[in-house]
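Over in Swiss-Prot, the protein carries these features:
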type     : residues                       : note
TOPO_DOM : 1-32                           : topological domain 'Cytoplasmic'
TRANSMEM : 33-69                          : transmembrane segment
TOPO_DOM : 70-76                          : topological domain 'Periplasmic'
TRANSMEM : 77-100                         : transmembrane segment
MOTIF    : 106-110                        : motif 'Selectivity filter part_1'
BINDING  : Ser107, Ile356, Phe357, Tyr445 : chloride binding site
INTRAMEM : 109-116                        : intramembrane segment
TOPO_DOM : 117-123                        : topological domain 'Cytoplasmic'
TRANSMEM : 124-141                        : transmembrane segment
TRANSMEM : 148-166                        : transmembrane segment
TOPO_DOM : 167-176                        : topological domain 'Cytoplasmic'
INTRAMEM : 177-189                        : intramembrane segment
INTRAMEM : 193-201                        : intramembrane segment
TOPO_DOM : 202-214                        : topological domain 'Cytoplasmic'
TRANSMEM : 215-232                        : transmembrane segment
TOPO_DOM : 233-252                        : topological domain 'Periplasmic'
TRANSMEM : 253-281                        : transmembrane segment
TOPO_DOM : 282-287                        : topological domain 'Cytoplasmic'
TRANSMEM : 288-309                        : transmembrane segment
TOPO_DOM : 310-329                        : topological domain 'Periplasmic'
TRANSMEM : 330-349                        : transmembrane segment
TRANSMEM : 355-376                        : transmembrane segment
TOPO_DOM : 377-386                        : topological domain 'Periplasmic'
INTRAMEM : 387-401                        : intramembrane segment
INTRAMEM : 405-416                        : intramembrane segment
INTRAMEM : 417-421                        : intramembrane segment
TRANSMEM : 422-438                        : transmembrane segment
TOPO_DOM : 439-473                        : topological domain 'Cytoplasmic'
Amino acid sequence: MKTDTPTFEAQQIVRLRRGRLIRRLVQRDKTPLAILLMAAVVGTLTGLVGVAFEKAVSWVQNMRIGALVQVADHAFLLWPLAFILSALLAMVGYFLVRKFAPEAGGSGIPEIEGALEELRPVRWWRVLPVKFIGGMGTLGAGMVLGREGPTVQIGGNLGRMVLDVFRMRSAEARHTLLATGAAAGLSAAFNAPLAGILFIIEEMRPQFRYNLISIKAVFTGVIMSSIVFRIFNGEAPIIEVGKLSNAPVNTLWLYLVLGIIFGCVGPVFNTLVLRTQDMFQRFHGGEIKKWVLMGGAIGGLCGILGLIEPEAAGGGFNLIPIAAAGNFSVGLLLFIFITRVVTTLLCFSSGAPGGIFAPMLALGTLLGTAFGMAAAVLFPQYHLEAGTFAIAGMGALMAASVRAPLTGIVLVLEMTDNYQLILPMIITCLGATLLAQFLGGKPLYSTILARTLAKQDAEQAAKNQSTPAGENT
């Protein structure tokens, strides 16, 4: 019986087609290797600098507290010294920002968003030392600020520094390494790699140019940053609240109610931040002496507040586990919440180098715990655990204020290692975001960036108008 055997020509055609298919598969990935290598460098540097920043802030705080402990038995020395030490530390931060790098003031995240759109400068040779040393001063003083804003801005500036050092001129590399550094910075601040990636994709979605090259670079940078962080700090979650019980299905409606509450609180909080910024601007009018003295007064008051009510001062990471454990009454939780709202507004809106993520997480924890404890009294048949509402509240305020629910959900779950609470987290954060949007609230960082750009345009217009007048005289 005759069998059909492929001819030599047919075999050659098959080999040729197979070769073309392999080449297409290989060539489909156009990611330049140089960008991925530089992303790894940026992530490593950001992780190292982020860890160094954390250690430096802790060292300053310990030195300040140690000095106060030495005079703890002498009230006539303790109170003035608490004010003076915190005031001096804060004044260092305010002075450096105002004198050398105004863009290093505040969180720094809006500056990175503006730089991604080529609307704001990236002067890494100024911002890196000013943000690092200035943040040591303000955070070390016990001001109500977080370290995530500085590490995000430091990471973005490290990305631009690497770009300049290795003389990479393409616009794609410039944009990609800036975004990579920012994502690595958030990961280094919170030991939350997935949240760092989502932060770039979600919060910076209008500015981030999503493609296969940029997203691979962001992944690479975040991986390296997280590895560096865990080498120095271990793999434990940075907020220890223990393993909480899951939320029964018949209690999920309470998380929606909590989300509605935060959906109302978020826009109000954003409005207060912006109005407080305007108030400070009217006070100092851009004059460096007034600005530094104002910052010193705020820092000194935080130092005094740290003696009176330690929970009301500082970034809030130490407060979160205590509050989530139900160690405070509902009334005390609400009192600390209101106090920390005021201190957060004063510290962040004054332009101090420091972030607002950590203070918002603490505020969300306080209000969420208060709601959970009240609900446990009103609905005893549910056997509610206030800590689960604390976790949901942590992400809800950030979701309503920053308008980044996915980032808020993942960030809190990574920080607390309570992934089983993902469903109530989704319900709370989504409810908060939708209601905040319905009420007309605007994302905080985008609003701050828009105000910064408007001020920049006004200054440029005034400069252009004054130039001809100077030439005619």
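Every residue, even glycine, has its Cβ placed from backbone N, Cα and C.
Annotated features taken from Swiss-Prot, shown on the structure.
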residue: Ser107; record: chloride binding site; DSSP class: coil
residue: Ile356; record: chloride binding site; DSSP class: coil
residue: Tyr445; record: chloride binding site; DSSP class: helix
Number of other Cβ atoms within 10 Å of the Cβ of Tyr445 (chloride binding site) across all protein chains: 24
Largest CA-to-CA spread of chloride binders Ser107, Ile356, Phe357, Tyr445, angstrom: 11
Top partner of the transmembrane segment (124-141) among 77-100, 148-166, 215-232, 288-309, 422-438 - counted as Cβ pairs under 8 Å: 77-100
List of residues, in chain order, with Cβ under 8 A from that of Phe357 (chloride binding site) and at least 6 apart: Gly146, Glu148, Gly149, Ala189, Phe190, Met398
Those residues of the chain, 6+ apart, with a Cβ under 8 Å from that of Ile356 (chloride binding site): Ser107, Leu145, Gly146, Gly149, Val273, Thr344, Phe348, Leu444
Remaining residues near the recorded chloride site, that is with C-beta within 8 Å of the centroid of the site residues Ser107, Ile356, Phe357, Tyr445: Gly106, Ile109, Gly146, Glu148, Gly149, Phe348, Gly355, Met360, Val402, Leu444
DSSP-derived helix, strand and coil totals, residue by residue, for the topological domain 'Periplasmic' (310-329): 9 helix, 0 strand, 11 coil
Long-range environment of the transmembrane segment (330-349) - Cβ separation under 8 angstroms, sequence gap at least 6: 106-107, 138, 143-145, 269, 272-274, 276-277, 279-280, 298, 301-302, 305, 309, 311-313, 316, 319, 323, 356, 359-360, 362-363, 366-367, 369-370, 373-374
